[in-house]
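Database features, via TrEMBL:
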type	residues	note
COILED	94-149	coiled coil
COMPBIAS	563-573	compositional bias 'Basic residues'
COMPBIAS	575-596	compositional bias 'Basic and acidic residues'
COMPBIAS	627-644	compositional bias 'Low complexity'
COMPBIAS	665-681	compositional bias 'Basic residues'
DOMAIN	543-599	domain 'Signal recognition particle SRP72 subunit RNA-binding'
REGION	540-681	region 'Disordered'
REPEAT	226-259	repeat 'TPR'
Amino acid sequence: KMAAAGAAAAAAGLWSEVNRCGQNGDFTRALKSVNKILQISKDDVTALQCKVVCLIQNGNFKEALSIINTHTKVLSSDIIAFEKAYCEYRLNRIESALKTIQSASQQTDKLKELYGQVLYRLERYDDCLAAYRDLIRNSQDEYEEERKTNLSAVVAAQSTWENVVPEDLGLREATYELCYNSACALIGQGKLNEAMKKLQKAEELCRQSLSEDSDVTEEDIEAELAIIHGQMAYIMQLQGRTEDALQLYNQIIKLKPTDVGLLAVIANNIITINKDQNVFDSKKKVKLTNAEGVEHKLSKKQLQAIEFNKALLAMYTNQADQCRKLSASLQSQSPEHLLPVLIQAAQLCREKQHAKAVALLQDFADQHPANAAEIKLTMAQLKIAQGSVTKACMILRSIEELQHKPGMVSALVTMYSHEEDIDSAIEVFTQAIQWYQQFQARTNYGCCVFQPKSPVHLSLIREAANFKLKHGRKKEAISDLEELWKQNPKDVHTLAQLISAYSLVDPEKAKILSKHLPSSDTMSLKVDVDALENSHGATYVRKKAGKLPGDNQQKEQGQGEVKKKKKKKKGKLPKNYDPKVTPDPERWLPMRERSYYRGRKKGKKKEQVGKGTQGSTTAGSSELDASRTASSPPTSPRPGSAAAVSATSNVIPPRHQKPAGAAATKKKQQQKKKKGSKGGW
């Protein structure tokens, strides 16, 4: 009895210690006291509950969950359901946490709060929205602002990941968290400018609220603003301002924020900016996406996008095996997704295995008919790259849901024209026109009145007619032109085309149709010539007359218009000009081209140097030749060498006589040459 009384007294003292430590927030000391109590009574339910709470407060979730699971007989689910679900939630066992919450017999407010968080992590946004609305409606305490923030986060997630137009919740954006979530919702709707304004407001509110606390430093404020700045950079990237976005992304990374999810998203966005350039920087940034715990911080679509970019980076860095491994893993996770197959096909094309790439895409199109259109477009592109334009056309025509689209018709006609397959091009036009006729027949079923054709239908008929006329198929174009004229009898252009086509096929019909042309009087166009000349595209613009003052204008009207004559300046004459001497008619030619030019007089030695082609002789070379003396016999000339003999003789050929004024100017020209002049006057 005395021992029992002593144990009870010791237990009472320990409970007092646990209570005091709990109030002070010293859960480590409280845990020690609880352990001593459990040594006295190992199955004490209250002590076990306190131990679990102390472990949770200290962050030991795994140990706390272990104690709960080992004492299931004592700690029933009704007693400790919240603590168990919370430990599972913090250990990222989200499905287990959901089961624990749903199996609880009584749904307390704490469990409802946790239930909303669990649904958000499971991306069940509709159920999560309903849970938070119920919480806000049925609870009144100091946590109302936090619940509204969570509610706005759910709406933002719906807008971003599910393309749901968010409803106006009527929340007053008094905190920077609410402003940030509102901006995220606007980004999901594509309203980037409005989202940027919301983020700027969120930044301002964040600075105001944190600057009120004297213990918060500027570094703390910048760390808190990192997520807002990251979203700003994302908007810049979407707007095409990649340089500004890249600069802001790098500033955030330099701050080294503790949020691994934020770092992973920023690193991924930088990789998308780099693309196939700056791959070394991308390889450094990709390490941030592999940090521990990233998978629990991001949504499934974010994680999927990161994995796609990893596969693309492996392809750009020529890591073929790694690229195939990552894309195969992505395909196993999402068999219906297009990107993994497209990445594999791109890798095969880089390896010059185009046939395998086309076969891979064809297999995917057969297995997933819903995505066949996009896959076949890629297949057609590969065929065009290989030069197989006809096969590409066949693939494009197999896409039934796009056959009648104007863009597809235009592409096919262009490709067939390039291959000079006019019949196939006309067939494409015919099939598209028939589709619109059948569509109109289905929509107007049972209606007997005349129904005008749609603008797209008429546009196709007109393009078909123009194409046929261009390629000389006038007979085939006539039916199209008649259909167009029937739709709009006042269309003179179509009527003119129809008459032109009939003139080569049926001249009589052309004459009959020509009667429908309007007369020349009715076709007179009222054109404002002044407006036309002053228009922006006019090649000639009439100069507007300047306004004269009133007095001068009256004076000029009385005297008449007097045109001012410009005085012609007299040309300057040369200093040695003599009016009595006739000017040299060759004065406009360069000195070397004049008939009387003899060349510059240089030294005797220079005159003796031969000029001309190699081997030729000059007149003075015979005087220096010792073999050509009086005693030496003359050599017999070769046949046909008379010209050479005359060239070496002393007979000077007649020169052109110089003009009368040439002698007077020769002296001064030589003086100018001495001064360094290069040409004559």
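Cβ from N, Cα, C; glycine included.
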Which residues of the same chain, at least 6 past either end of the repeat 'TPR' (226-259), have a Cβ under 8 Å from a Cβ in it?
176, 180, 183-184, 187, 192, 195-196, 199-200, 202-203, 206, 219, 265-267, 269-270, 272-273, 288, 297
Across the repeat 'TPR' (226-259), what are the DSSP residue counts per state (helix, strand, coil)?
26 helix, 0 strand, 8 coil
With DSSP helix as H/G/I and strand as E/B, how many residues of the compositional bias 'Basic and acidic residues' (575-596) fall in helix, strand and coil?
3 helix, 0 strand, 19 coil
In the predicted model, what is the mean pLDDT computed over the repeat 'TPR' (226-259)?
93
